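Colleague: Look at Swiss-Prot and you will find 20-40 tagged as transmembrane segment. Here Swiss-Prot flags Cys140, Cys143, His144 as heme 3 binding site. Annotation source Swiss-Prot lists heme 5 binding site at Cys186, Cys189, His190. Under the heading heme 6 binding site, Swiss-Prot lists Cys205, Cys208, His209, citing similarity to another entry as support.
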Amino acid sequence: MEDRQLTNADNENGRKCACGGAAPFFVGLVVALVFGWWAFPEMLYSQKEQPIRFSHKVHVNDAGMECKQCHSLREDGSFAGLPSTASCAECHSDVLGSDPEEARFVAEYVKSGKEVKWLVYQYQPDNVFFSHAAHSLDGCNQCHQFSERELCNLCHLDVADSDKAPTHYENKLTGYSKQTMKMWQCERCHANENHLGVTNSSNACFVCHK
């Protein structure tokens, strides 16, 4: 009887020792991961380039195009996102210049009717709805004097002067882009009581989260 009690006690102590040894390991692992994330944040992201080298500078500065000529509104107020190959073909049915990337685009996409699989920098989660119509020049310029480019650049990367699209950083865990809008960015305007008074808008969660 005593031997059995001793055996049970030994087993209990063994289990306690095993747990006691594992706890510091897991705590150390968590600390190491958090420190690594803080010290080397880029390790969380994979870097990808766009399938076609697209020059906003040529289209915006040289050709005088505006954002809305390629990024138009849907009926629900959201942007249609990226232009289709058909819309690009309105100007690029044939090669216009000497850029080899344009020649490749015409050959691989325009002639075949294939869509370019552009990497979206600010693709939002499915539970987030953002109305571009509600954030238009007509609304913001009741008080401000933004140009279209200035208004877009409040949320989007300023690429008008770039000959190449920025590198796309994709989160290895979530699949979302590093540039996906964060709530603190929205709060720059939505936490301002003066904005709410002028626009009669609401900060209720369901306005943006569906």
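In case you wondered, yes, glycine gets a Cβ from its N, Cα and C as well.
Any idea what these are sitting next to in the structure?
Modeller: Its Cβ placed at the centre, His144 (heme 3 binding site) has 11 other Cβ atoms within 10 Å.
Cys186 (heme 5 binding site) carries a helical DSSP state (H, G or I). Non-local neighbourhood of Cys186 (heme 5 binding site): Cys208, each in the same chain, at least six residues away, with C-beta under 8 Å from its C-beta.
Under the three-state DSSP scheme, Cys208 (heme 6 binding site) falls in the helix class.
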Colleague: Nearest to Cys189 (heme 5 binding site) by Cα, among Cys140, His144, Cys205 (binding-site residues)?
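Modeller: Closest recorded candidate to Cys189 (heme 5 binding site) by Cα: Cys140.
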Colleague: Under DSSP, is Cys143 (heme 3 binding site) part of a helix or a strand, or is it coil?
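Modeller: Reduced to three states, the DSSP call for Cys143 (heme 3 binding site) is coil.
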Colleague: Cβ atoms within 10 Å, counted per site: which of Cys205, Cys208 has the most, among these binding-site residues?
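Modeller: It comes out as Cys208.
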Colleague: Other residues with Cβ within 8 Å of the Cβ centroid of Cys186, Cys189, His190 at the heme 5 site?
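Modeller: Counting only non-site residues, the set is Gln185, Glu187, Arg188, Ala191, Asn192, His195.
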